[in-house]
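Features reported for this protein in Swiss-Prot:
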- 6-31: repeat 'LRR 1' (REPEAT)
- 56-77: repeat 'LRR 3' (REPEAT)
- 78-102: repeat 'LRR 4' (REPEAT)
- 103-126: repeat 'LRR 5' (REPEAT)
- 128-148: repeat 'LRR 6' (REPEAT)
- 149-172: repeat 'LRR 7' (REPEAT)
- 174-195: repeat 'LRR 8' (REPEAT)
- 222-244: repeat 'LRR 10' (REPEAT)
- 339-361: repeat 'LRR 15' (REPEAT)
- 363-384: repeat 'LRR 16' (REPEAT)
- 640-714: repeat 'Gelsolin-like 2' (REPEAT)
- 759-832: repeat 'Gelsolin-like 3' (REPEAT)
């Protein structure tokens, strides 16, 4: 149904819609008064026929479409002023020739098409002021075009195949902009340019310009403001350019200029200078005189530190500075004085450091420094350091060192930057001066305000006192008057003749009125005494006294369920009736079921109550519309949740997505089995906000997975509780993108309406695009919203309501598309979700302690005391745990074995523990569990005072204790521990009673006392003991012997039999069984490979381990061969798969450190693992920081939280910065280690690295 508003539409922007095929709205032909129309990016294949009926159309845009021809319809538009059809598929034959004869045609844009020649009859468009033929394949320009179009102001012929221009171009004396870039123009000498005295823009990039074909008379063109001679291989800057006084923008990039020979006083008005991709080594000093310069591009040159003027800080208007791809090692200090600098690019240089003031630039948004390998950033000052606070934790290096008890020395760079007192810089002093001046000014103004208010208050108090005295005198002078006389005196003379008849109350009788639509309505006497409980009534009883005077009694009766307006109007009209009758009686209120005796006697004490109401209310009654169940497909775009409406059917479901089913009382979140859990969680949060804002918390939110959907879900979706028979299949196309949103603004004028679009950068709408005085329409194709501002006038609101109805009907939409009305301040959640960042969630600081939340008296004290969350990073600043010397290790081993009396070994076979043969003592398997029973002597306590009183025969007896060590291999299951606790441990407890201690240990996490009992002969093999003994030993095996921090921790562990597992810092054993027994009876060989950097004192133990443990009990006929690194034979490398690159740098052994970052204590804390760490110390619940001396790695566990990851990243940066400050430490790189894909630089720090264990669940 048409609203009749289309005939008043003056212009509309349909850009971004899909008008392919026959989808163009036919209602456009009703817009007979339309003067402008935009159809950009609308997938048009031909000019719509409806345009031929828009005879008043003046401006038409059809850019970015698929037009092949514009014949027919354009010729029917006699008033056409501008034709913009760029970026189509037009050819010369597809352009009608008669449109150029239109007298009013002024703008012609045919760029980015397939034109090979200038359209026919173009020379007849004599009124044209804009002609754009760029990005075509035009080879020549007819002479007649330049001869006739003498009124042109803008001419763009760039990106064609022009070799020359007609000489008649000199007739374009009014031309202001000429763009000829990317044309050969071999035969165009620019001799005609001086005749174009109005020319202000000249673009001739990549047009084969040389010093010969640039005329010196170019300096006569005083109006030139924008010149582009880039990509022309010019050796120097043309001399004529230096004389252009009004030049604002100059582009000379892509040439071969080696020197910029400018002098002082030239280019004083220049704002943009582009000298990129040249061969400059120096920027002239007079560049700093260009005080209006805002953008300077000098990338891809040969600039050094000496080539940048030291006074560059004088360019106070500079906002963009590009110095990428040069040879800069330093940059002048003056750059930090360019206070308006917003973008600074210094990438791909040789920078060592930057000026300290770089952190003080207030407007700097982009600082590109990548590909500067040796760059060391200066420390941040105090003001900038505050921005390092993350989750209320200050991660600045100085603050963390201070907490750790290591204050920076006065000579350090940090101390010099943050020192106060006399060493404050000029900026800090200026800030302090401004603060004092402002405080002083505020104090003076405050004193003046207080004085003025005091005077006003004094005068006011005096006046008030006089008025009170005057009123008291008047009251004393007044005599007591009757209240009836007061009523008569103050009675308002209001005419009630239109409400009450003249004969009302003129004689004895009773009148009853019912309140209907704010006014009393007289009732017939037959209905007297019948009252509806939802109505209100007015009753008048008039009697004649003996004196002949009339006496009136006025009542107003209120039903129990009467509406507010009826009760109010009955009271008001009762007073009006009394004034109408000039009565002196009171109006008496009567309520249902509480009537007075006087009122009941009027009806013979018989009153009938009737349920309901007989009259209508004067108020508008609102009827809540029935809820429309809708289905939305949820998607995540960054942090925003996008809800795309889909048809309400099972066929809309897709197992890869999450869906929100809004059924009114219940909101369902349905998740497909292939959907992402993050999308489901965000959809749930969206439903929570939808319920809170739109439903006031009255809806229930339910979630269900595809595999288990309750009948209630299917009932809400299909109307049937049974699960549909058909399968839910993937049907949404890959890479599906929802249709672009369009935001219209409704404009109204004298007799016309306009509907332009608001430009959405990158298709993103923001809340600040809406204005309180305006009316906007948001069109997302499947939904259309009308938003009305609070201050919008009534006519604009009405126009918006009618236009949104027409817009909904005109454009082809799905059947489930709906129109919604939104009011400013009361927007629905679905409307808000269409705008980026529109979320009114109350910000909550979850890092605040409960005490600080409960305390409210002094907010400043709370903020000052609790603004920093507790964090413990002290471990990062401690020195690395020193390695134990060989002598100390020997002494520790001796002490640990001193009290050992007995050691029995057991191994789990099947479900029982059996005694381990003595020849296998010290050999472990990764899939087995072992039990060691150790008996220790306990020395008796000596009596210090009564030592001499004991006789020699009375020596105290030696006591003992038993420690049971349970050792579990890395690949063993927990069943071994369960068997031990239920079988063997009870027997030990029964025997040893309270003298028993059980210690459970895991592979490579043994304590020193346990390791000391094996005296460095500790071998760990892969696999299971029984299986390996029977079937193993027939293939080569490689073992690595390694001691971390102490020789007590010496372990020999089997690794992959590959050459890249070798390391020059350790000894290795390579066991090679022969296929056939040699003549000398040897069945194999064991190579003991000595790394060049290995400890010579460990070589003897390597030989013992090889002969006692690596050689099997039945392989005594294996010969042992000692090999020094670099002296290997061919057999050695052949068994290892050929000679390959292995780790030869042993320095990492002295630097390896492993830190654990966790929140398990209730706050963020970092602790350091012992030097003897292993792969299983990498906890999937936490974040780890590993330092190998060359790089600092951040390793993220599979189950760690996002907060832990963010805090650990900041802490790792603090550690990285602290190591850089140490004089004896070499610089380290900051790298990320991805779990399961760790690099060899990371893995080499762990003894016998193997496959990562997958976390449970």
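Positions of Cβ are set from backbone N, Cα and C atoms, glycine also.
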Discussion item. Would you say the repeat 'LRR 5' (103-126) and the repeat 'LRR 1' (6-31) are in contact under the rule of three or more C-beta pairs closer than 8 Å, pairs 6 or more apart in sequence?
Written reply: no
Worksheet, complete the sentence: Counted with DSSP (H/G/I as helix, E/B as strand, rest coil), the repeat 'LRR 10' (222-244) has 5 helix, 3 strand, 15 coil
Worksheet entry | Cβ contacts under 8 Å made by the repeat 'LRR 10' (222-244) with residues that lie 6+ beyond its boundaries | 176, 181, 197-211, 214-216, 250-263, 266-267, 274
Response to the item:
If one takes Cβ-Cβ under 8 Å and requires six or more residues beyond its ends, the residues near the repeat 'LRR 7' (149-172) are 111, 122-123, 125-143, 178-188, 192, 195-196, 203
Worksheet item: When you scan the chain for residues with a C-beta under 8 Å from the repeat 'LRR 4' (78-102), skipping those not six or more beyond its ends, what do you find?
Response: 55-72, 108-125, 130, 132
Discussion item. For the repeat 'LRR 3' (56-77), give me same-chain residues lying six or more residues beyond its boundaries with a C-beta closer than 8 angstroms to one of its C-beta atoms, as numbers and ranges.
Written reply: 11, 15, 32-49, 83-91, 93-96, 98-99, 104, 107, 109
Worksheet item: Going by DSSP, how much of the repeat 'LRR 6' (128-148) is helix, how much is strand and how much is coil, in residues?
Response: 6 helix, 3 strand, 12 coil
Fill in: Residue counts (helix, strand, coil, in that order) that DSSP gives for the repeat 'LRR 8' (174-195)
3 helix, 3 strand, 16 coil
Discussion item. Within the repeat 'LRR 5' (103-126), count helix residues (DSSP H, G, I), strand residues (E, B) and coil residues, in that order.
Written reply: 3 helix, 3 strand, 18 coil
Fill in: Residues of the repeat 'LRR 1' (6-31) by DSSP state, where helix covers H, G and I
8 helix, 5 strand, 13 coil
